[in-house]
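Listed features, source Swiss-Prot:
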type	residues	note
TOPO_DOM	1-45	topological domain 'Extracellular'
CARBOHYD	Asn35	N-linked glycosylation site
TRANSMEM	46-68	transmembrane segment
TOPO_DOM	69-79	topological domain 'Cytoplasmic'
TRANSMEM	80-102	transmembrane segment
TOPO_DOM	103-116	topological domain 'Extracellular'
DISULFID	Cys115-Cys186	disulfide bond
TRANSMEM	117-138	transmembrane segment
TOPO_DOM	139-158	topological domain 'Cytoplasmic'
TRANSMEM	159-178	transmembrane segment
TOPO_DOM	179-197	topological domain 'Extracellular'
TRANSMEM	198-220	transmembrane segment
TOPO_DOM	221-246	topological domain 'Cytoplasmic'
TRANSMEM	247-269	transmembrane segment
TOPO_DOM	270-288	topological domain 'Extracellular'
TRANSMEM	289-311	transmembrane segment
TOPO_DOM	312-380	topological domain 'Cytoplasmic'
Amino acid sequence: MCPMLLKNGYNGNATPVTTTAPWASLGLSAKTCNNVSFEESRIVLVVVYSAVCTLGVPANCLTAWLALLQVLQGNVLAVYLLCLALCELLYTGTLPLWVIYIRNQHRWTLGLLACKVTAYIFFCNIYVSILFLCCISCDRFVAVVYALESRGRRRRRTAILISACIFILVGIVHYPVFQTEDKETCFDMLQMDSRIAGYYYARFTVGFAIPLSIIAFTNHRIFRSIKQSMGLSAAQKAKVKHSAIAVVVIFLVCFAPYHLVLLVKAAAFSYYRGDRNAMCGLEERLYTASVVFLCLSTVNGVADPIIYVLATDHSRQEVSRIHKGWKEWSMKTDVTRLTHSRDTEELQSPVALADHYTFSRPVHPPGSPCPAKRLIEESC
């Protein structure tokens, strides 16, 4: 393994380290380029990963719970929503490791197994999410455009089988990540060769271009079908239109930049015919953009719950019910706390303290007049 000279972001000195990438295990060349700076993207990566982790964990927990309730009621679409939420939840749970790694100047100190597992979860999550977005769009397309024909044919068992196939297929494709042998760095790039170029072409075509075409086509047909419907109000049609547009926009924003960088690198390798100096120059110029765009794909973990669960009627009703229950519980808690506080204040008042101490009261014979001076509250 050739050492790589990395610019130290704090003192500007070059530090020799050994660099690997999760796809190094594919039998690809481990030769690297020099003078790749990690400091340029450090702040952006730390901020984005921290924000996605903070927002994504509770959002996907709520999404998974709401989707599970719908699955138990026989909702087919909810199967894909549940799998997507669980996948995103697993990934967002690993983001703190990314933050530690980046803050440590891309030096992995948590052990080789942790690097392998984190890399495996990350790259699997990208394409599992993309495929589940396709499944969700296709299921909505069938349910809306072919509402009568699909009645009784959309089954929960079929959705579970498709979900299992997605997990197995993506898991097998990325399994070679576990054969990585390097120990000091993780997730970083290698110099291009013909096999990596082919891998990038495949990822762009199968992992992005085809799914994007499916999502764009299905949502366009959904919108057109709803537009021609006479049974929906203008507000309902606008809601469906905005939802369809949002799906495509989020997909493009999260996944298009990174896959376009992959395509540029693969095309440049083909154009320069593998010239090492030309490719190293390209790697050094595109490295910061590449890792930032890769980081941008994690925003999908926050966007998916908003689009596919919180925007649906059933989910909004469930969220409203949970919020109402939480509000009632909070009000009861506030009343209890206020009552307890008021009782405490009364116990601390002079009159209350006097009442709580035992004093012998004067005994008046029957029929005798009351004393002239007494507390108003005291009776004869």
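Glycine too: its Cβ is placed from the backbone N, Cα and C atoms.
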When you scan the chain for residues with a C-beta under 8 Å from the topological domain 'Cytoplasmic' (139-158), skipping those not six or more beyond its ends, what do you find? 71, 74-77, 79-80, 218-219, 221-222, 225-226
Give the nonlocal contacts of the transmembrane segment (159-178) in its own chain as ranges (CB under 8 Å, at least six residues past its ends). 22-23, 25-26, 76-77, 79-80, 83, 116, 119-120, 123-124, 127-128, 131-132, 135, 139
For Cys186 (disulfide bond), the three-state class that DSSP assigns: coil
Which value does the mean pLDDT take for the topological domain 'Cytoplasmic' (69-79) in this predicted structure? 88
